[in-house]
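Annotation source TrEMBL lists signal peptide at 1-17. Among the features that TrEMBL reports, transmembrane segment is placed at 52-68, 74-93, 114-132, 177-200, 221-240, 246-267, 279-303.
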Amino acid sequence: MNATTLLVGLASGAASAALTFAVGAGSLFSVFLAIFAQLPILIAALGWRHHAGLIGSIAGSVFVYLLLDFDGALGYALSVALPAWWLGYLALLGQPADPDRPEQGMVWYPIGRLLAWAAVIGIVLVVGAVLVQSGGVEAYRATLRAAFTDIMKLHTESVPKDAAQPNEADIKNIVEFLVIMLPPMIAAFWTVVAMLNMWVAGRVVRASGRLVRPWPELAAFNLPALTLMALIGGIAGSFAPGLFGFAAGIVCAAFTVLFATLGLAFLHVATRGRPGRSLLLGISYALLCILPWAGALAALGVFEFLFGLRARMAAASLPPKPSL
């Protein structure tokens with residue numbers, strides 16, 4: 001480790017901490033900035049190796065501690081800094097394709113496994129936060145239920161008297177829906193944010209010429225075999241009561257993001273060379289926040305996973321072999 005690595009690490013930690021604190025401004029733009037709190041550490045880890053990323057993680061945590069408190073620093077370290085360093089470390093793992101023939105190049109850590117790590121980290125963070133902060137699922141849900149009920153009452157009171165008013169049953173149903181959906185949505189959102197930060201960091205480091213790893217063909221990535229089992233287990237287990245069902249729902253949400261991403265990868269391949277490709281892909285990305293569309297993309301990703309649709313399309317596009 002040299003002085004440059006140390007300085008880059010310290011700078012990345014300071015930038016990451018600053019982006020984290022941006023959310024305190026309360027504006028929509030500040031929330032947008034906070035989404036990229038992992039980015040400086042990822043850039044440091046990818047461009048100056050994982051040592052710089054680790055220094056950035058430690059430095060950022062120290063900055064948050066000095067400006068806030070220990071609990072804030074711990075939350076930042078676990079949810080932002082250390083995951084960014086770990087994902088950057090994994091991204092540059094590689095080994096020679098043939099140790100006896102260096103000219104054969106390197107085999108790099110698969111993109112699909114990187115995405116799976118992002119999902120697993122998001123799951124652990126949400127489940128861990130619920131258990132540590134609330135002591136259990138029911139206590140956590142009771143806290144959320146009370147908060148959402150107060151919000152709904154304030155909203156109802158602000159509605160003009162002559163306007164349609166939701167009744168108590170409607171309010172209760174909305175609150176229960178939010179209580180059930182919020183934790184899985186947080187895990188899914190964290191997974192998306194981690195993937196977005198990795199992509200942006202890779203692009204930035206690649207543009208600087210410091211990316212050691214060749215830029216992968218993202219539309220060709222594949223998910224590990226266990227991801228489908230995790231998705232199926234999450235869907236089935238989410239109907240169970242208690243902590244198991246709660247955790248299974250979070251697993252389902254995070255891995256749905258992975259298979260929706262695989263579905264998008266299939267669309268990228270299937271639309272190559274076709275008119276209206278940019279429009280179709282743009283609409284597909286824009287509609288990701290709509291749950292039925294995300295579910296449809298995830299189903300498409302499952303079909304791709306099971307049947308290798310991209311490989312079949314590639315084989316079908318090859319010219320026929322000449323007959324003898």
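A Cβ is built for glycine as well, from the same backbone N, Cα and C atoms used for every other residue.
What TrEMBL says about a protein is an automatic prediction, not a curated fact.
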**Q.** Contact call for the transmembrane segment (177-200) and the transmembrane segment (52-68): at least 3 Cβ pairs under 8 Å, seq gap 6+
**A.** no
Q: Using a Cβ cut-off of under 8 Å, list the residues of the same chain at least 6 residues beyond the transmembrane segment (246-267) that approach it.
A: 115-116, 119-120, 122-123, 126-127, 130, 137, 180, 183-185, 187-188, 190-192, 195, 218-223, 227-228, 230-231, 233-238, 240, 280-281, 284-285, 288, 294-302, 304-305, 309-310
Q.
Under 8 angstroms, Cβ to Cβ: which one of 74-93, 114-132, 279-303 has the largest number of such pairs with the transmembrane segment (221-240)?
A. 114-132
